[in-house]
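Lifted from TrEMBL, the feature list:
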type	residues	note
TRANSMEM	21-40	transmembrane segment
TRANSMEM	60-81	transmembrane segment
TRANSMEM	93-113	transmembrane segment
TRANSMEM	125-149	transmembrane segment
TRANSMEM	161-184	transmembrane segment
TRANSMEM	216-235	transmembrane segment
REGION	245-288	region 'Disordered'
TRANSMEM	295-316	transmembrane segment
TRANSMEM	328-350	transmembrane segment
TRANSMEM	357-378	transmembrane segment
TRANSMEM	390-416	transmembrane segment
TRANSMEM	423-452	transmembrane segment
Amino acid sequence: MTLPQEEACCPGVSPQDASAMSVLTHLLAVLFGMGSWVSINGLWVELPLIVPQVPEGWYLPSYLSVLIQAANVGPLVVTLMHRLRPGVLNEAAVIYGIVAVGAVASFLLAFFWKETVVVAGAPRSLALLVLTFFLAAVDCTSSVTFLPFMMHLQPHFLTSYFIGEGLSGLLPALAALVQGVGLVRCVNSSQSLNHSGHGARRLEARYQPSNFSAEVFFFFLSAMMLVSLAAFLLLDLHPAVARQQPDPRYSAGSRERSRRSRKRPEQRPMMDPFRPQNHKPRSSLGSSSCSQKQLVFIFVVLGWVNALSNTALPSVQSYSCLPYGNGAYHLSAALAAVSNPLAGFVAMFVSIRSLVFLGFLTVLGTGIGSYIMLMAALSPCPLLVNDGAGAAIMVLAWILFIFSLSYVKVIIGVILRDEGHSALVWCGAVVQLGSLLGAVTMFPLVSVYGLFSSGDPCSTSCP
């Protein structure tokens, strides 16, 4: 496809070349965004294979949750640097560093994830926990570095980045599905307990052996981080991508001047108090014309939807789905993962910036999330537990929940992109803050007070 903006910013370039450059930049933006959360998402989907082989057992997810939240020190430092010392932080260098650390840490996990060290008289998976902290620091910091870097590209490439961010959850999930992680075979327990055939018949869940090892899976994660690193290298240095820059200095071919401009403090703040009252925005919302109340609304919604979709609801996904059967659980997890990049793809063609519409989608997603949370609280006997309609409704609920809130996040990112570089830095910070609040709220409810009871994927007995 040939976009008018690209022809305008690339004088002397034929429409065919401009189209090829556009496709290249869209692809690189997707691959770059893919490295944002791929490591931690991959680690989570691999837990059913890891947990039986480490001394922490099923306490490991709780430890990982604490480590991930502790890793928010990374985005905190970056945000404070932008706030207190604007222009000092070399954004590109930080991205190169954190993606390289993510690739190395994923690679080392393949060799050391099973190694234990005696701490306080008990064996601990020290290497796994330390490397997980580094992976979490990489992924958390990506929220406040990857998004602001996209300011150097034209606005329509931001949706491609969000598609890649969605793929960072989908691709590890698909790899784990091929691996066979978490697949359960239901066996009649009476056959092994009473050979006379008179025992009580009860289906028992037994996990199937995986098709390939956790070591191979971690090598796969490391390769994905290297692909993301290569994509960023091309976005940052490739001349074909440079001509996509909205800044005319890029089209003039002066890479050195553009690099110096990145180091200067941002000239336009998120909200300009001296903006003329008759200033006309380029669109009805965003586009450097959001009022203070609109920005507060946007950031509150952004924090809320990330709290729900990143930590609160995923922490109870197994409780909400397993009572309906193992098939419903895996189907809801897989299709919800597909819904995330699909929302970004839809936003690329249908971008509705109305705050009223975003508010409606947020309320809709929150309502669906409330239903999911209620079914999780009722586990192991939620509504329609012995009815096929119950499983279908739960799968559909997860699809609509993730799709609606993912669309809200993408459009908010597009709006804040028009507000300037610092707006995207704060966008990433609010994403992490919302995720933190969701985790802090749900962790004691799930892991300390035990308010949720898991259903049996093979046999759920309810009155």
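Heads up, the Cβ atoms here are built off N, Cα and C, so glycines get one too.
On a predicted model such as this, the values are computed, not experimentally measured, just so you know.
Proximity of the transmembrane segment (125-149) to the transmembrane segment (60-81) is established through 3 or more Cβ-Cβ distances under 8 Å for residue pairs spaced 6 or more apart. In this chain, the transmembrane segment (161-184) touches the transmembrane segment (216-235); three or more CB pairs sit within less than 8 A of each other, excluding pairs fewer than 6 residues apart. Of the ranges 21-40, 60-81, 357-378, 423-452, the one with the most Cβ pairs under 8 Å to the transmembrane segment (390-416) is 357-378.
Between the transmembrane segment (161-184) and the transmembrane segment (423-452) there are fewer than 3 Cβ pairs closer than 8 Å, counting only pairs 6 or more residues apart in sequence, which means the two stretches are not in contact. Sequence-remote contacts of a segment are chain residues at least 6 beyond its ends whose Cβ falls under 8 Å from one of its Cβ atoms, and for the transmembrane segment (357-378) they are 297, 301, 304-305, 308-309, 312-313, 316-317, 319-320, 323, 394, 397-398, 400-401, 404-405, 407-408, 411-412, 451-452. Most Cβ pairs under 8 A with the transmembrane segment (21-40) among the ranges 60-81, 93-113, 295-316, 423-452 are made by 93-113.
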